[in-house]
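Written below as structure tokens is the structure these notes are about.
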Amino acid sequence: MPSIFSYQSAEVDWCESNFVRSAVIAEYYNTDGTSLFSFLLLTPLNFLVLEGAACGRMELCHSKVSLLLAGLFSMYFHMTLSYVGQLLDELSILWTLAVAYSFWYPQCYFPKFIKTRKHFFWLTGITTVISTLMSFVKPTLNAYALNCIAFHLLYLTWRELKKCNDKRVHRMAAVMVMWWALAITSWISDRWLCWLWQAINFPYFHSFWHVLIAMSLLYCCPLVIYFNVTYEMPSFKPKLEYWPSDSWPVVVPYVTLEEPHKQC
């Protein structure tokens with residue numbers, strides 16, 4: 001029986017052919033070409049977006065660490081295709097989502113039996129621990145379950161947009177959904193149409209997923225911050241901005257806070 005740390009001991013293998021470009025990297029493009037770009041370039045940009053709006057609050061630090069770990073574990077998994085790598089990749093995403101829900105989930109959507117943010121922390125923590133244990137039962141289903149969480153996030157976004165008349169917010173949400181739709185299409189294509197992509201020698205759609213979901217997060221993070229400031233810091237007026245300019249086709253969105261001015 002192979003070790004759980006052994007190369008190709010995972011229950012999942014993606015469409016890209018293994019060890020074609022490197023003797024030590026199983027899936028070269030899923031590891032180097034896209035994970036490096038997605039999480040070592042775009043994630044720091046998300047940090048800048050969060051720093052500008054959250055004033056260095058503790059939840060920002062947790063978000064930074066969880067996103068970086070998710071990127072690093074993803075690289076390790078695609079490099080080795082090991083069972084441990086698969087679980088680290090999937091569980092890091094699960095715990096990243098848990099951190100996001102714990103700190104950023106609006107209190108107006110709490111279940112009726114939850115009265116405070118502290119109680120919600122406990123609920124999220126217990127749910128995450130149970131989900132973590134269940135992930136060992138059938139690891140091949142983990143990725144599908146994690147992707148389904150996106151539908152709840154989209155539903156929450158839709159609920160918030162109904163309350164908001166700011167065209168910039170609606171524009172950012174539309175761009176975020178566009179990148180997510182392209183990302184999930186790439187993920188499903190790689191999973192279900194691998195025979196087709198291998199037939200035409202283009203099995204790289206999972207690597208596209210890495211880049212596209214990172215682009216979606218680039219717009220998702222300031223959107224979450226915008227709504228969070230609206231609920232948690234009502235004395236401030238959040239405003240979405242784009243760097244370097246609104247007119248550029250590719251921009252980095254961020255949040256500014258208008259009066260009153262406070263020192264962080």
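Glycine is no exception: its Cβ is also placed from the backbone N, Cα and C atoms.
What TrEMBL lists as Ca(2+) binding site is Asp13, Trp14, Glu16, Asn18, Glu27. The Zn(2+) binding site feature in TrEMBL is assigned to His78, His206, His210. As annotated by TrEMBL, transmembrane segment applies to 36-55, 67-85, 91-108, 120-137, 143-158, 170-188, 208-229.
Recorded features from TrEMBL, shown on the structure.
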residue	record	Cβ contacts under 8 Å, 6 or more apart
Asp13	Ca(2+) binding site	Leu81
Trp14	Ca(2+) binding site	Glu27, Asn30, His78, Asp190, Arg191, Cys194, Pro203, His206
Glu16	Ca(2+) binding site	Glu27, Tyr28, Tyr29, Asn30, Pro203, Tyr204, His206, Ser207
Asn18	Ca(2+) binding site	Gln8, Ala26, Glu27, Leu81
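The Cβ of His206 has fewer other Cβ atoms within 10 Å than any other of the binding-site residues His78, His206, His210.
Residues Asp13, Trp14, Glu16, Asn18, Glu27 make up the record's Ca(2+) site, and a Cβ search at 8 Å around their centroid adds Cys15, Ser17, Ala26, Asn30, His78, Leu81, Pro203, His206 from the same chain. For the transmembrane segment (143-158), the most Cβ-contacting stretch among 67-85, 91-108, 120-137 is 91-108 (pairs under 8 Å). Among residues of the same chain six or more beyond the transmembrane segment (170-188), those with a C-beta under 8 A of the stretch's C-beta atoms are 147, 150, 154, 157, 161, 164, 205-206, 208-209, 212-213, 215-216, 218-220, 222-223, 240, 253. Cβ atoms under 8 Å from those of the transmembrane segment (91-108) belong to residues 59, 62-63, 66-67, 69-70, 73-74, 117, 120-121, 124-125, 127-128, 131-132, 135, 142, 146, 149, 156, 160, 224, 227-228, 231 of the same chain, restricted to positions at least 6 beyond its ends.
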